[in-house]
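Participant: Take a look at this one; I'll ask things after.
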Amino acid sequence: MSQLRLLPSRLGVQAARLLAAHDVPVFGWRSRSSGPPATFPSSKGGGGSSYMEEMYFAWLENPQSVHKSWDSFFREASEEAFSGSAQPRPPSVVHESRSAVSSRTKTSKLVEDHLAVQSLIRAYQIRGHHVAQLDPLGILDADLDSFVPSDLITTIDKLAFYDLQEADLDKEFQLPTTTFIGGSENTLSLREIIRRLENTYCQHIGLEFMFINDVEQCQWIRQKFETPGVMQFSSEEKRTLLARLVRSMRFEDFLARKWSSEKRFGLEGCEVMIPALKTIIDKSSEMGIENVILGMPHRGRLNVLANVIRKDLEQIFCQFDPKLEAADEGSGDVKYHLGMYHERINRVTNRNITLSLVANPSHLEAVDPVVQGKTKAEQFYRGDAQGKKVMSILVHGDAAFAGQGVVYETFHLSDLPSYTTNGTVHVVVNNQIGFTTDPRMARSSPYPTDVARVVNAPIFHVNADDPEAVIYVCSVAAEWRNTFNKDVVVDLVCYRRRGHNEMDEPMFTQPLMYKQIHRQVPVLKKYADKLIAEGTVTLQEFEEEIAKYDRICEEAYGRSKDKKILHIKHWLDSPWPGFFNVDGEPKSMTCPATGIPEDMLTHIGSVASSVPLEDFKIHTGLSRILRGRADMTKNRTVDWALAEYMAFGSLLKEGIHVRLSGQDVERGTFSHRHHVLHDQEVDRRTCVPMNHLWPDQAPYTVCNSSLSEYGVLGFELGYAMASPNALVLWEAQFGDFHNTAQCIIDQFISTGQAKWVRHNGIVLLLPHGMEGMGPEHSSARPERFLQMSNDDSDAYPAFTKDFEVSQLYDCNWIVVNCSTPANYFHVLRRQILLPFRKPLIIFTPKSLLRHPEAKSSFDQMVSGTSFQRVIPEDGAAARAPEQVQRLIFCTGKVYYDLVKERSSQDLEEKVAITRLEQISPFPFDLIKQEAEKYPGAELAWCQEEHKNMGYYDYISPRFMTILRRARPIWYVGRDPAAAPATGNRNTHLVSLKKFLDTAFNLQAFEGKTF
């Protein structure tokens, strides 16, 4: 028996040629009806021999359990393996007569030939795309490599690779179950096999899918592309495709004629993208999709707005008129960044469909996670857990798709439970150039689409000058997404007829490419000639179609001349019906009190300190935390975590969906939140008590994110776009790390309303505080947020009745640094109770989470209470303000350091401390009151951050404005520095003591000039 166990390795000697380089599908031992066949991987990893062992041991048990060809193969091989051996042959091996030797040799040859053919088929399935004719210009291989895989039969002599000869070309071979090239036939000649493989894998479509580790999915793709005759189109479908190409090309031609010197980033060279997108939408609509959310860069955007979203042409043409005055607030944006929302009938399916094109900046690919977040939210509000009603399409450029890291971050959100959108169709406009950069200098991978392999997304490369191939690929892509709820990539290999923009000269850097482009016949003419030649349309019908669309454009151009005002709100990508009045203004300019009834506080506190599920064992450390919450609730106090719990819980009671996302937010970076409880005895059994507060509450979502800031913050921003009736929060692990999402903050959050008239109520929770933890765990960079705040430091405001709310409405975002749990509770609730939405930036504490003094009473949170923009001094100094020698203004955690130091120096009557809770927009009215309350006091601003950071540069000119420059505001804090904080604990404490000494040295500023 030991000899038998060695036999597979001896068999491998005979089969080595067939197994050495490829995965070889199983030959004919399972019927087509029995499901996908087994396969075994390359022998380099040992998988080939493992498979052969399985087959061999199955044969040992029962020779009839394997195909007869394997039976013959093993019989012959076992005889050879034991030839010359003194040991007896195994009883399971039947002796054959000498006359059968010739038959055995023929059988062995037959098996080897069939295995060779299967290897050949698999070679085309894996590597055929390398030699596909993808470049419309015929210059480059799309994979940047002219190497032709040795196992593809590009010439007759390549047959020798498989030990086949030219004489074998007309032999019939049994087809394996891993191919559909035979259609209804089970055998084909080798010549026909190669021809069909060439037609499927090496023409205008290149398929990358064999890396997918799911046999069913691979079989699905093979069937869609290999089955003979699958790419057949009716005359009506061809005419529709031609009409869409006409619209795509003539739109660009019209803009070029009317505004030849304007930048528009036209689609010339990839006009087929318009029918491609429309096909994806048509097919998806047919399968039940009702809402499609698109994201794309500038290239071809106006064409998509006109011919896919169906924006009124006159409104597009108005964007080219420099004399029109913008009617809406804000600064606006260039025309090729604008978004759009439109509900219409899909004429192909006669079904309603909503199309949204999300506005985006010039920062390529930044819109990707935003689109995904908006899509996820729309699915959530519709109860569309499987993504059968709402989907997303992302259009990319080849250079950006390969070069921008946010693409990778977004892909890795695609299958996370709280972030999946159940599949996205990605369309890459691969014009084989990035501005002036050659692809060889722009990426290290063969294709720009290789990043999609990380999520097992199939990649369909297609020559954009073959419109029918493009349309078929897009139809399959839509079906794939609907069938498997996974991402798919369509790579439109095309060219860029003009420079990067219409004013750019590409011949400087790509002379040979552009010489070929100038000779290139436009795809519309190519396809029209084809249809005319085959009789699908006549020349007259084609010319009439062109004239018809030209007339539509001219008429719209005429109407655009009558426009007097440019309305940015016509380009809103995420309207909130019913939230604003008909003019898009808030329905009021007031905000109700944010406190809640005490019985609600008590109820939420009770749930927060318990486990709603039976037989659920929690960690003993967590039990102590819950007991602590119960004690606080009993004593009518809250700490930071409990205040947050009560804010969230009360909003859920009011029907407001709350979503908290970020790294480690379920537990909390500082182990303070614990919104998800884990059973200590049952793996993966969890409980979210917040979802057990009320029978009819809104759902609460708390989800740990991937270790990404850029992608995840963009996702949450998009999520917040979908509805104003949700509190969407993103928490950084430490505030320092938000700068890896700086693009989202700069291009979307701080400027989104000004550019795109888009309100957004996203909340950023940024842990911040100087505690000796080093330069990367200390600062959320408040100075940067304040620098981007748009309130005027030099304008003395008019203190009207609605000043507080009007000031919030006029700002671009709200920046706060709360020093009490109660104020944190109120600012979260105010975010929803305001009659409009603004981004909210909160610098949250770390050490204050457990600080014994950082607690609030229920009295500060009950009905009738509200957020305090400024918390004034309420101690001895406030009772005798005329005796106060110094009034210190501060914000955040440093307040507790100041109070402790003041107490140690017994200066409660001489030094008053006022906390600035809302930093921007600046509370001019309350600061004025506080300063006037202490007329004889020096004014000082104290911060724990370095002087060139923190808040001083922001507050100083505003103090000067409100005080009419009558009194200086002195600086107390750390000296200027390059790094936000020291990494040395001792240095931290020394610098802390130094500025605290200055704060309470009442002679510190004598003799100094401001």
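Cβ coordinates are placed from backbone N, Cα and C, and glycine is handled just like the others.
This is the feature table in Swiss-Prot:
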{"type": "BINDING", "residues": "His130, Asp143, Asp145", "note": "Ca(2+) binding site"}
{"type": "BINDING", "residues": "Arg299, Asp398, Asn431, Ile433, Gln663", "note": "thiamine diphosphate binding site"}
{"type": "BINDING", "residues": "Asp398, Asn431, Ile433", "note": "Mg(2+) binding site"}
{"type": "REGION", "residues": "81-100", "note": "region 'Disordered'"}
{"type": "TRANSIT", "residues": "1-73", "note": "transit peptide"}
Participant: Taking Asn431, Gln663 as the binding-site residues to compare, which has the smallest set of other Cβ atoms within 10 Å?
Facilitator: Gln663
Participant: Closest of the binding-site residues to Ile433 (thiamine diphosphate binding site), Cα to Cα, picking from His130, Asp143, Asp145?
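Facilitator: Closest by Cα: Asp143.
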Participant: Select one residue from Asp143, Asp145, Asp398: among these binding-site residues, choose the one with the most other Cβ atoms within 10 Å of its Cβ.
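Facilitator: When each Cβ's neighbours within 10 Å are tallied, Asp398 leads.
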Participant: Which residues in the same chain, at least 6 apart in sequence, have a Cβ under 8 Å from the Cβ of Arg299 (thiamine diphosphate binding site)?
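Facilitator: Expected: Phe265, Gly266, Leu267, Cys270, Gly397, Val429, Asn431.
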Participant: To the nearest Å, how far is the Cα of Asp145 (Ca(2+) binding site) from the Cα of Asp398 (thiamine diphosphate binding site)?
Facilitator: 17
Participant: What's the CA to CA span in angstrom from Asp143 (Ca(2+) binding site) over to Asp398 (thiamine diphosphate binding site)?
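Facilitator: Computed Cα spacing between Asp143 (Ca(2+) binding site) and Asp398 (thiamine diphosphate binding site) is 12 Å.
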Participant: If the thiamine diphosphate binders are Arg299, Asp398, Asn431, Ile433, Gln663 per the record, what's the largest distance between their Cα atoms, in Å?
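Facilitator: The thiamine diphosphate-binding residues span at most 37 Å between Cα atoms.
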Participant: What does DSSP say about His130 (Ca(2+) binding site): helix, strand or coil?
Facilitator: helix
Participant: Identify all same-chain residues not among Asp398, Asn431, Ile433 whose C-beta atom falls within 8 angstroms of the centroid of the Mg(2+) site's C-beta atoms; report them in sequence order.
Facilitator: Gly397, Ala399, Val429, Asn430, Gln432, Gly434, Pro439, Cys494, Tyr495, Arg496
Participant: Within 10 Å of the Cβ of Ile433 (thiamine diphosphate binding site), how many other Cβ atoms are there?
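Facilitator: Taking all protein chains shown, Ile433 (thiamine diphosphate binding site) has 22 Cβ neighbours within 10 Å.
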